[in-house]
Amino acid sequence: MPVVDPSSASNFAEVALEHLTLALDVDFGASSLRVVATWRCRVLAAGGAEAIILDAKKVAVSSVRLNGAPVAHSMGVESDVFGAALTVPLPEQLRAAGSRFELEVISEAGPASSAVQWLPAEQTAGKAHPYLFTQCQAIHARALLPCQDTPSAKFTYEATARVPEWATALMSAQRTAGGAPSPVDGGARRAFTFAQPMRVPAYLLALAVGELEGRPIGPRSTAWAEPCVVGAVASEFGQDTERFLALAEELAQEPYAWGIYDVLCLPPSFPYGGMENPCLTFCTPTLLAGDRSLVGVIAHEVSHSWTGNLVTNASWEHFWLNEGWTVWMERNLVTRAAGGGADGGALYGLHALCGVKALREDITHQTARPELTRLVPSLAGGVDPDDAFSRVPYEKGFLLLSHLAQQLGGDEPMRAFFRAYIQKFKARAISTDDFCEFALHWADASGRGAQVRAIDWQRWLHAPGMPPSIAPFDESLALASAQLASRWAMGQAADGSPADVRGWSSLQRQVFLDKLLDEVRAARDGGAGRAPLGDAELQRLASLYAFGSAAGDQRGAVNCEEAFRFYRLCLAQSGGGTSFLREILSFLKSNGRMKYVRPLFRDLCQSEEGRAAALPAFQAWRANYHPIAQHMLALDLGLRA
Ligand SMILES: CC/C=C\C/C=C\C[C@@H](O)/C=C/C=C/C=C\[C@@H](O)CCCC(=O)O
Ligand SMILES: [Zn+2]
């Protein structure tokens, strides 16, 4: 079946761009990235190809050459989300199937590129030098350079990045020349070189440039960050990274394919928890809780080395294949790393139930566009993948896989299926149909065909809303959190003490806050007249259990997952009138992770007082946020349609 990607105008099925040689020149003064991209191309279409069509968004193209000779090119109509198609007609002699040639495109990505955040020195930890980093998922690679911006088109690449002499460049690739830069421009600048011998789609291209330092944290891993942060990063991730890699290799029965697995901790404006850039996971500093309690994100990004980076969704409509499998792997890894053997264990159940809660919340929130809560949404007709992003592909995807595991006969058969899936599809880009066909084939061969055919596939894949069923997860660890939340909600916590949560994991504390938030909202929305907790009680709660700034006082580092939930509780209880408002605004000013800032801004806007604080705050700090976060926050705050 021909692969169709509604988010790309490129003719990737007709012409393969097999290898990329990149020369990048970073100009911090002008916030501009000059890109010379040389593609090794091959015509695939049996009937030949008349042109190469690339995706390009707000990049200035200054030259196009075929086999070294300048050629004409044209840009189509520019759309804000998708950019424009760059068409390069092929001369007669290059059009036939199998024809091979070189395409060179010189372009420049300026300060308005949605793929790059240019940070002034004040926005870095060291405050001495500027910084830049890219984020190409889902369709921002085209804002870096013209390319076939579809996950279906994979290529190998090599790159040279020329940067100021104080800067270090890192990419989603292996560092060549031992990672040592060579001086260029008479020593005023230096050049770093990279090679990515594995085939990657454009969304996995990544670059970061800044004053960076690396610390080894394992046989194949280095922690990278600004010098004043790198120690904290190495100690947060040093213990678990190699363990997760080894556990993942065992689970997948397939060696880690990417050589090195490094982690770069970015400045606070990084809009996501982590991004699975090959060889170099990007992560947010909000993971630096000081006690390794948020390393699950590293397990998630490690897992993408198999699910996503090796077996890749064919288009963003099939994103659940990347994320559902990765959440399944992540939960297997964190459970095993914690010493819990079986998948059905209490810890696994706690993680899964947290996921169900998150899924319910996102589905409830998506009232305006319920069709986006389908596991396989349609992105045709100009849907921006960033607008479609939610926890649905993560959590509904995980629940479908959990249901499939039940139908296959349990955890062990599921692991066998997973291993066969990786073997079958590694290095490919696949659709939901490919997955279903393989699952049915596998089930038939293992005597579980009837059970797997009994799955209501149509509803799971294509109906909006919650899934038709939820596998029975172990609720034992969630229970204590729920009981404590009920005590507070019912005003029975006058004797509350730090002992209530002693020995609890951060996840149990998060579940406690989640449950309490549910109770507060139910009381508030149910017309009970007052929410069950007053401001003074929330202050007592924060100080007894060390939430919000109280956590920072006692433990030195703030656990952002907990702080975020606590702030939502405060806003649900008393809107913008909460005595924690100043603290919440300071959290919003200093963090750009969308998982936190989007719900908090939305919560603030639920009350007059909160909205009056939120709008000027967003306007004042807008430039601090990543371009994608700015775009999404503008939607949340009703500043764009
Ligand atoms: C069905 C959805 C359609 C398309 C979505 C595809 C990409 C969405 C785009 O917005 C990029 C997402 C990047 C995500 C990166 C990391 C996440 O795992 C982070 C999750 C949130 C967090 O932990 O901060
Ligand atoms: Zn992911």
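We number each residue from 1, going along the chain as drawn.
Glycine is treated like the rest: Cβ placed from N, Cα and C.
Curation plays no part in TrEMBL annotations; they are all automatic predictions.
These features come from TrEMBL:
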BINDING   GLN135, CYS136, GLN137, PRO271, TYR272, GLY273, GLY274, MET275, GLU276, ARG593, MET594, LYS595  peptide binding site
BINDING   HIS300, HIS304, GLU323  Zn(2+) binding site
ACT_SITE  GLU301  active site, proton acceptor
ACT_SITE  TYR394  active site, proton donor
DOMAIN    476-637  domain 'Peptidase M1 leukotriene A4 hydrolase/aminopeptidase C-terminal'
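In this structure the residues listed as binding peptide are GLN135, CYS136, GLN137, PRO271, TYR272, GLY273, GLY274, MET275, GLU276, ARG593, MET594, LYS595; their two most distant Cα atoms lie 18 Å apart. Ranked by Cβ neighbours within 10 A across all protein chains shown, the recorded positions TYR272, TYR394 are led by TYR394. On a Cα basis, GLU276 (peptide binding site) lies 5 Å away from GLU301 (active site, proton acceptor). Around the Cβ of GLY274 (peptide binding site), a 10 Å sphere holds 22 further Cβ atoms from the protein chains shown. Counting every protein chain shown, 26 other Cβ atoms lie within 10 Å of the Cβ of HIS300 (Zn(2+) binding site). Filtering TYR272, GLY274, GLU323 by Cβ distance to ligand 2 (under 6 A) retains the following binding-site residues: GLU323. Checking the recorded positions (HIS300, HIS304, GLU323, TYR394) against GLU276 (peptide binding site) with a 10 Å Cα-Cα cut-off leaves HIS300, HIS304. Annotation: no recorded positions among HIS304, GLU323, TYR394 have CA atoms within 10 angstroms of the CA of GLY274 (peptide binding site). According to DSSP, GLY274 (peptide binding site) sits within a strand segment. Recorded residues HIS304 (Zn(2+) binding site) and GLN137 (peptide binding site) have their alpha carbons 13 Å apart, per Cα-Cα distance. In this structure, GLN137, TYR272 are the recorded positions from GLN137, TYR272, GLU276, GLU323, TYR394 whose C-beta falls under 6 Å of some atom of ligand 1.
In the three-state DSSP scheme, HIS300 (Zn(2+) binding site) is classed as helix. DSSP assigns MET594 (peptide binding site) to a helix in the three-state reduction. Note on proximity: of the recorded positions GLN135, GLN137, TYR272, TYR394, MET594, the one nearest GLU323 (Zn(2+) binding site) is TYR394, by Cα distance. The two recorded residues, TYR272 (peptide binding site) and HIS300 (Zn(2+) binding site), show a Cα separation of 13 Å.
Taking CA atoms as the reference points, HIS300 (Zn(2+) binding site) and TYR394 (active site, proton donor) are 11 Å apart.
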